[in-house]
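Just below is one structure, and these are the notes that go with it.
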Amino acid sequence: MPEATEHPPIGEAQTEPAQSGCPMVIKPPVEGGSNRDWWPNAVNLKMLQKDPEVIDPIDEGYDYREAVQTLDVDQLARDFDELCTNSQDWWPADFGHYGPLFIRMSWHAAGTYRVQDGRGGAGKGMQRFAPLNSWPDNVSLDKARRLLWPLKKKYGKKLSWSDLIVYAGNRAMENMGFKTAGFAFGRPDYWEPEEDVYWGAEHEWLGSQDRYAGANGDRTKLENPLGASHMGLIYVNPEGPEGNPDPIAAAIDIRETFGRMAMNDVETAALIVGGHTFGKTHGATDIVNGPEPEAAPLEQMGLGWSNPGVGIDTVSSGLEVTWTHTPTKWDNSFLEILYGNEWELFKSPAGANQWRPKDNGWADSVPMAQGTGKTHPAMLTTDLSMRMDPIYGEITRRWLDHPEELAEEYAKAWFKLLHRDMGPVQRYLGPLVPTQTWLWQDIVPAGKPLSDADVATLKGAIADSGLTVQQLVSTAWKAASSFRISDMRGGANGGRIRLQPQLGWESNEPDELAQVISKLEEIQGSSGIDVSFADLVVLGGNVGIETAAKAAGFDIEVPFSSGRGDATQEQTDVEAFSYLEPKADGFRNYVGKGLNLPAEYQLIDQANLLNLSAPQMTVLIGGLRALGITHGDSKLGVLTDTPGQLTNDYFVNLTDMGVKWAPAPADDGTYVGTDRDTGEVKYTASRVDLLFGSNSQLRALAEVYAEDDSRDKFVKDFVAAWVNVMDADRYDIGKGA
């Protein structure tokens, strides 16, 4: 079969069956077969199917964010505390307490988040579904969720699985004596696996060869946007890189993978030290587990990894480590033991590399998970990294003498771990939400709503400013299209397009952008109206569209929701925002350097992150091209003789059989459209543009907007899609995507 990195030209990818040296196996649709068996390189438009109501079994009109606010949180805590110590014979609690198991469940749910594309995290309850429910790093978490079923059953639609999975770990730590920073409810459940997350190219669990391909041994060259060192792990191999028990080398993997989860060195050390204060790992025997949940027999009812060992004989990771003598209590014993011993390598009963104190140190100090026996403490290779790595070592040595600092840092890092993918604080619900805020939350001060008279005055000032349609629309698009639905970051609210790093992004054309910002700030200062820069940018885009529509014969008013606020540079985490920089923007025919996928694939991913459907993506492309909204004022894809007018010319000319398309002589990935009769060059276009004429589904959409009776529909649909993008981040007024 073709390699995942092969990207034939659009036409070839869609008209040639896949070639291979082995017979192709085509399965019926109910077994997972699809057109992609024949054309594996075709763009995946299913990512843009935005109709969750079809698969949502909850009644129409149900709003989880309203329902969860009726939850009796105090009673939930009491019920949870009782559950934690009510050991079940079918899965006995280690040390008589399920708390450590629930902490691992919560951590592994939230820890899939990666900052590069904002995907992963706990916010949709994806740990219930494949592939996460069957990752080797999640062995036995199926039992943790099943243990929680009585609580989910009791509280029903008032408590989502998404919230319960992460609440459980948070409350478990409180139950064991730790003071957390708080907790926010508000994560609605999804009802099917996310199909838009790339977890890696490897086809075997714990594989890593593809994600480090071409790295030449440099463990910091992990493929983007991946956040784990191996397929099926949350972060790193606890035995060390590729199983090599080297704590210094393991620290490199730790720093890289936790950094991709937006954690710095202090936060990383706090999470590892704090999290491993509780519980144990499981590798008590050499029994081999049965198949994971997705491959398990029907009679196992959704549980996987079956084996005869439970309780003291449990096998999950194969590592048999109990870190402290108080595994169900918050204290500083992890660091006391880590620094109070020298360590020697040995094998777990399951054959995994782990560490124990030399000279039989701390013998018989650690309780057995079941019964009354005692054993010695043990550590993972990655635990020793917290002492032996110079940076982590400096941090943790201080905590050894100042445990109150560890508690504070762990509380903050744990809260960040659980909430990093929740988006703005306006989405935080419930009585446990902390009043304190942090830089990583992208705080936006509240804005002031504008009156209709104020809006009219400002629109007049913008129209008279000398700024062109292209400048106004392009600037609004650059601001708003930084939004991504994956972790609900970015967008126009906050006015951060005038701040670093967005002000300097190549994709934002800094010199041109600075001129527009200067003019808009002049209007802001001279208008006498208390208007935010963020509102002014979006309003400017609307003025540009209304002007372009009028030039095309349409008298329209683009809906506008005021009240955006302006953030300051001090409220902006430059490093964290740098991950929002678009490497490509197909809506403006911008392609940056070093992309690992052709532009058409990047477009689909961008549209998905903007929470657009395929029709919305299509009409936005056509409208922006008609307005001449391109990077660098390029004519690429501007398939009209009247740029700046909101017409459907783009689709008319794209579907015109009088135009013949061919690769440009420069072989630069662009195409030339010539008159089929005269050979005269009429247009130039990109791979993105030709996608809408060559892909059968997108051509069907393009034809709708090219039809003679669709001019009104085109304008109406373009405006609606535009407003969706402009308001995608408006969680402050309940309009967010």
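The backbone N, Cα and C atoms fix where each Cβ goes, and this holds for glycine too.
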With Swiss-Prot as the source, identify the stretch among 1-33, 496-528 annotated region 'Disordered'.
1-33
State the Cα to Cα distance, in Å, between His108 (active site, proton acceptor) and His276 (heme binding site), rounded to an integer.
13
Sequence gap of 6 or more, Cβ distance under 8 Å: name the residues on the same chain that satisfy this around His276 (heme binding site), in order along the sequence.
Trp323, Phe334, Leu380, Asp383
Secondary structure at His276 (heme binding site), reduced by DSSP to three states:
coil
